[in-house]
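Novice: Structure provided below as structure tokens; questions to follow.
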Amino acid sequence: MTMVKVFRCPARHGYAVEVSPFIANRLACSASQYYGIVGCGSLLVLDVTETDIHLLRRWEWGDGLFDVSWSETNEHVLVAGGGDGSLQLWDTTNQNAPLRVVKEHTQEWDAALGQSLTTLRGHEGVVYSTIWSPHIPGCFASVSGDGTLRVWDVKRAACRLAVPAHQAEILTCDWCKYDQNIIATGSVDCSVYIWDLRNVRHPVNQLLGHTYAIRRLKFCPFSRSLVASCSYDFTVRFWDYSRDPPLLDTVEHHSEFVCGLDFNLHIPNQVTHTPACLYFYLCEDSFSERVLQLLPLSRVVRPR
């Protein structure tokens, strides 16, 4: 029998979760108060044991925290992004203040020139997501409210490819771990598109099934064509874009928007995701469920 582990954090709404690239049972979760509209934020570092999820470290910030990422060179270091435009560098061995705070963005949707290495311009709307290529050094992809997917060359400080990927805002993207030409995009039009960068006239596949905007998606690190997506429709869905139909399974036991999602790099088929209510939406039971859930793919509900 498979166990689903739950961590509850009262008065906080999770926005992002990421598994440590060094420690198999360690997670980081960024969270905000009052659905991210006002109030402060929290950064949580959690250890998963055989029986439950243990809080290792918790830091508070004066504004909402909406994203988190582990360092890939130091197992103790992670960075969080705040609604005040700041990036904070945290160390799990230091329970006090962050190691460093960088603030060139004046707010979460605006940017100003400062001490950054490079500023790349080209999008005509809010940039919602970026992802480094796991195959090509100095190359990353970005998606925006302007409906485009763009591929950038950092060395040349230039956009190498612009794809009108959706006719709506795009909130998330991810690069396939097994193919340098495959990227997935998720949009407020409820769709996930799979793109081959060698031919962007049409997507390789369109993954349809969500009923509200796609908040985040991830390629599986253990399978070439497996993709997971989470949405404001309270569900997490698993897809194999090489199959017809592509939808494999649906997790539909949340009572809040699901905003964070990550595969465990160390344990095949283990996924973490965190629900949250954003903006002014108040969901049923929204003040009692503040959870981070950890589950293998075998613990999902078949699609209706």
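The backbone N, Cα and C atoms fix where each Cβ goes, and this holds for glycine too.
Bear in mind that the values here come from a model prediction, so they are computed numbers and not experimental data.
TrEMBL feature annotations, pasted as is:
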- 68-100: repeat 'WD' (REPEAT)
- 120-162: repeat 'WD' (REPEAT)
- 163-199: repeat 'WD' (REPEAT)
- 207-249: repeat 'WD' (REPEAT)
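Are these features on the surface or tucked inside, and what are their neighbours?
Specialist: Across the repeat 'WD' (68-100), the model assigns an average pLDDT of 90.
Within the chain, the repeat 'WD' (120-162) has long-range Cβ neighbours (under 8 A, six or more residues past its boundaries) at 109, 168-175, 177, 180, 183, 185, 187, 195, 197, 200, 216.
The list of residues near the repeat 'WD' (163-199) in space but at least 6 beyond its ends in sequence, with Cβ under 8 angstroms from a Cβ of it, reads 125-126, 128-136, 141-151, 205-208, 210-221, 224, 227, 229, 231, 233, 239, 241.
Beyond its flanks by at least six residues, the repeat 'WD' (207-249) meets 16, 129, 169, 171-179, 184-194, 255-263, 265, 268-269, 271, 273, 275, 278, 283, 297, 300-303 of its own chain at Cβ-Cβ distances under 8 Å.
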